[in-house]
Every structure is written in structure tokens, then in C-alpha cells.
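For reference, the structure discussed in these notes is given below.
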Amino acid sequence: MGLPWYRVHTVVLNDPGRLLSVHIMHTALVAGWAGSMALYELAVFDPSDPVLDPMWRQGMFVIPFMTRLGITNSWGGWSITGGTITNPGIWSYEGVAGAHIVFSGLCFLAAIWHWVYWDLEIFCDERTGKPSLDLPKIFGIHLFLSGVACFGFGAFHVTGLYGPGIWVSDPYGLTGKVQPVSPAWGAEGFDPFVPGGIASHHIAAGTLGILAGLFHLSVRPPQRLYKGLRMGNIETVLSSSIAAVFFAAFVVAGTMWYGSATTPIELFGPTRYQWDQGYFQQEIYRRISAGLAENLSLSEAWSKIPEKLAFYDYIGNNPAKGGLFRAGSMDNGDGIAIGWLGHPVFRDKEGRELFVRRMPTFFETFPVVLVDGDGIVRADVPFRRAESKYSVEQVGVTVEFYGGELNGVSYSDPATVKKYARRAQLGEIFELDRATLKSDGVFRSSPRGWFTFGHASFALLFFFGHIWHGARTLFRDVFAGIDPDLDAQVEFGAFQKLGDPTTKRQAV
């Protein structure tokens, strides 16, 4: 049977045994990829600096997902939060990866068994003697089992009743750790940034799934509904399954890109909106104001700012700055961050503090403009020196650093001042090592960007797939050109055709 590549799935159309086999093989491939990818990432991952070189800067993709579910230790003797450990236990990163690979191998063998032994009694309709599947019953079974898994995850794993809990952090991604989470049953449970909503929603959705599964196991669909939705056709199952998958893909693309409790910034990197809104900058200034109110000097106040918080306030960590098709991790772009140089404070010769206007997300280049506290432009780096009025040289701008490696150092040399003004456009200033990885200086996106792009793209494709297969199953008689209720002998081109009421027809 010479089938074109896009029609090969017809070989499992009326063969339940081999339909099961190919799905088990698909599970084997998915689990095998997950385990293998985890081992590859562990081989290249450097856990030595969780503050300035976290997993998302190194381009890790599956390690963040394991971590958010409660895995933090490695058989290599390190912990994701820093430091060393002596007894990581069986459920380390390597343990989870190994479990996926073993599971993949077992699924591979099961797929082969079901391909060879396809003609099982369980798939045979005792009334007709032909292979058939009771699809509404199978739907009920799957709904019930997925409901049990969903409820179990929310009630046991997330709450810590039997499991580690999940990754929980503060709003600024500084204190993250794995901990048990209590369900949030009030209105706060609908806040996407409240971890308790993860527990309560899984418990609620799982309960609903269990009840719905039992309903579909005990109640048969009405005949009109069964026929109207083509519930006996396996392509109906394909269409509705694709709908479930693309809907989920759109949802997770949103929760990843806009941020939520399920996508902590310590594991996936900050969102672009945190740069756009000056989210971390505002928190830093709030802490500085609080420090000054406690009679600390500027230098002391800035020295108390966590390096982790300052690093989030850097445009190179904005996932929207990397192009969609620039391969590689963030470290391959602007380099590996080594240390925070400190916060530069610019002043003109009259002593006014000046603020460098920050680069918006979608600009590659941006004019260097310094404004005072009232937003009035006081200095810039001009494009045409002949027409300049506010150049650094003319205004006499100086820069002094507070906190970081250059704490207390000041510069009045215009070339140096301009250098740091340009760098201040990009947020807090860091020393970056571009030699080790031969980084090219062009920003890359974080796993947050890749995940969003991949899931949004495939969701769109799967949406079209849902429409396609839904239309095929609902209008199969129209596409075939023959009425499914027709039992008269027909000859193509001579007898009953679509829209020809004169041809012979005998209704059932």
C-alpha cells in the first residue's frame, strides 16, 4: 500500500492494538528525550554561581521544570541553591533523568509487544466479531484517571503531605526555595502569582475530573448526540484531543511570558514587563530610601543591595532583547557575569544628580540622555558635536559609584563618564566575561522566551489541526460525496450524488 507521507496514520485507523502501540512508542520518545536532555544539561551546567550565573543564564530548559517540582540536589554533590550536600537521595536531578530513561525503555518494549500482538480479544466487539473501541467509555476512564493524578498532585505533592512541595519565592526572586504550599481557597487563589492557587486548583480540578469520569463511565451518551458529534469515529477523539492540547499550550505560553507562580524568575529568568515597568529599579530605590532613613550613607545603603536584585535590573536578562532565531544561551550573548561594578550616580558641575534614560526593550540603539529629578534634559552624548549644547564636556558631568566593586570610585574624565553613561542605559552595570565562551556581545533570549515562542507557535498549528480533523469527522459524508444512510447499490457518477434528489435512495 503506497501511502503518501501525510496519510500514513490511516494504517492504525481500524486497528486498536496498533493504535495503542504507536501511542506507547510516542510516550517512550517523549520520556526518552526528557531524560536524555536532562543528562545533557547536567553535563554542561555549572552550579558554582547561582546568583550571577543561574540556570536560565546558562540556557537550561528542563532543569528549571524539575526544580520547580521540588528537585534541588545532584548526585554530583551540589545543590541548586549553592553549597555542597552529602546525601542527595534517589530523587536527585540524575535520579529523575534515569527514571525517565528506564520508563522510556519499558514503553519501547511495550510498544513492540502491542505491535506484534495487535489482535487482542479486548479490542474485539463480541456482537460483530470486528475490532472496535467503546470511545465514550474510554473517555470516562481517562478522565477519571487524570482526575486522580491531578487531585493527588495538588493534595499530596504540592502541599508536602507526601512530597517535597514546589518552588516558592518572594516577588523579587531573592529567597526562592522548595517548600510545602497550603491550598488557597479564597479569592487570592485566583491570583496567578499566589502559589496556594496551584494546590487548590489541582484539588478542585482533580475532584471535578473524578466526578466527570465516573459520570461518563455510568451514563451513555444520547443517540442523537452520539451521532451528531460522531462519537464512534476515532477522528473525533483526535480532533478533541488536539483542542485540549492547543488550549493548554496557549495558556502556558501566557503564564510563562507574563509570569506567574508556576514560572518563578529564579528558574526561568525575569519577564520583559519587569524591565518595561522598572520593577526591580523601583524596589532598589525603595531599599535605598529606607537605608537613608536609617541614617546610612549612600555608600552603605547601596552596599546592602543584594547582587541578585541588581542583576535582575539589567537589560541583558530581558527575554525580549534576544532575537527569536539567535541560538545559544544568554551567556553566549553578552557573556558570563562576574561581578556588579556598583551603581553609578552622575552629577553636573552644579551638583545636580542626573539619571540616564534607560533603553526601551525593542531598541537596539538609543541616544544617551541624562535628565535631572524633574525630567529636564541636562546632558547627553550628541550625534553632532558642532550643534551640541548638553555634551558631557560642556556640562561637566562626573560619575561616582556606590556599592559593588567600584564603591567610592569617581571619574571626571569625559571619555570614562560617557562609557559608563552608555552602560547605564542598560540598567545596573556588571563586569561580563566574553572570552570563556567566545560570546559575541549580541543579546540572547532566556528559556522563558524559547518556551513562549515554541508553545505559541505549536498552539497555532494545533488549532488549525483541530479545525481540520473536526471538519473531516463532522462532514465525512459531504467530503465522500455519499450519504451514510444510503443502503442502495451505488455506482459513482451514475447514481446518488450530493445534491441530486432524483437518484434512487432507500432510507434506513
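Glycine residues also receive a Cβ, built from the backbone N, Cα and C atoms like all the rest.
Over in Swiss-Prot, the protein carries these features:
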- 21-36: transmembrane segment (TRANSMEM)
- 101-115: transmembrane segment (TRANSMEM)
- 140-156: transmembrane segment (TRANSMEM)
- 203-218: transmembrane segment (TRANSMEM)
- 237-252: transmembrane segment (TRANSMEM)
- 457-472: transmembrane segment (TRANSMEM)
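Taking Cβ pairs closer than 8 Å, the transmembrane segment (21-36) reaches residues 12, 62, 96-101, 103-105, 107-108, 110-112, 114-115, 118 in its own chain, all 6 or more past its ends. Comparing 101-115, 203-218, 457-472 for CB pairs under 8 angstroms to the transmembrane segment (237-252), the maximum falls on 457-472.
Proximity of distant same-chain residues to the transmembrane segment (203-218), defined by a Cβ-Cβ separation under 8 Å and at least 6 residues beyond the stretch ends, is recorded for 136-137, 139-155, 183.
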